[in-house]
Amino acid sequence: AVAAESSTGTWTTVWTDGLTSLDRYKGRCYHIEPVAGEDNQWICYVAYPLDLFEEGSVTNMFTSIVGNVFGFKALRALRLEDLRIPPTYSKTFQGPPHGIQVERDKLNKYGRPLLGCTIKPKLGLSAKNYGRACYECLRGGLDFTKDDENVNSQPFMRWRDRFVFCAEAIYKSQAETGEIKGHYLNATAGTCEEMIKRAVFARELGVPIVMHDYLTGGFTANTTLRHYCRDNGLLLHIHRAMHAVIDRQKNHGMHFRVLAKALRMSGGDHIHSGTVVGKLEGEREMTLGFVDLLRDDFIEKDRARGIFFTQDWVSMPGVIPVASGGIHVWHMPALTEIFGDDSVLQFGGGTLGHPWGNAPGQAANRVALEACVQARNEGRDLAREGNEIIRAACKWSPELAAACEVWKAIKFEFEPVDTID
């Protein structure tokens, strides 16, 4: 029923079935296996002919595969765990605007994760105070600051004012530090036309990156913005706001690895991926599975990490995963070990909550990161020696020592809801 409803079938036989080749176009369920440890749950493998899908359209792909079938009365629950995108179809998508290597070349930063910070409070600041917070963070050692996902154009801070003050913060901090800086200017808007207008203004200001909420904004809007960013040299940061409504429950919806694959096809240079160690949901092996699906060219099937199919992206550029949500300096060794160099480690409260202010908060994060990268390059085990490495760095960084004292007892030890088992 699932295969039929998402391809050529309906609830009854219709006379127009005779006007086409149903055998050519229908979806086929080719394998069924029980879910281990569960009664009345099965994993079904369904294959669809490529001719059912419009080239280069994530919107059409999802409309077909996860359309009406999820509302069937006959089904108590239904979840899309994974998709295999054949190279023949993935080559019809242009993917990320630039990709990992081009971004590194634009920023001239290599050999370490990038550092970011979400400006808090996320709502309520005036544009001038918002820009001031960005400046203090960027001059303290950050690579990026960020609009939160729901910062668009509200009465207390209109988008054009925010863009101008953030651009000023970028240029001042670049002049002071000699490093290339950026701020994720959220271009998400109520219409595609308004979204592109905001991206155009960001380009005119000369900033390096804009941002989009790809699930609330929609895949059509996201792909539209991706094309503009590629044509105009802007990096594109993607926030996944609303994803947990879709992916968090184990028995209904779809897994985030599917949304991650869809984003890589639709286009984005960064996407939030969870942290494993922070405040947001995410089991380690499962998170690393879809992080590899975002970054790597070829990923082998590995059910232990939740990867149901071998995926070959051919020449499609990779996406940088962003670890963000409830992280602080004590998490730095684990984050460096888990995510590696091609990642963005984004500290919001873990920067702005520093007792001495924003710039010292960023200095603490930068020192902690540099210490972890140096220790890793020397062959030390970050998982086992992480706390020792951070304590040693505190001896020559009073900013880091103060941060460690503030957050020494902050932990988020909750069992994940969505697990591989």
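Using N, Cα and C of the backbone, Cβ positions are placed for all residues, glycine too.
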Need one residue: from Arg158, Arg240, Arg248, Arg295, the one Swiss-Prot lists with Asn68, Thr118, Lys122, His272, Ser324 for substrate. Arg240
Determine, to the nearest whole angstrom, how far the Cα atom of Thr118 (substrate binding site) is from the Cα atom of Lys146 (Mg(2+) binding site). 5
Near Asp148 (Mg(2+) binding site) in space, meaning Cα within 10 angstroms, which of the binding-site residues do we find among Asn68, Arg240, His272, Ser324? none
Quick one: among the recorded positions Lys120, Lys146, His272, which has the most Cβ atoms sitting within 10 Å of its own Cβ? Lys146
How many Å separate the Cα atoms of Glu149 (Mg(2+) binding site) and His239 (active site, proton acceptor)? 7
Counting all other Cβ atoms within 10 Å across every protein chain shown, which of the recorded positions Lys122, His239, Arg240 scores highest? His239
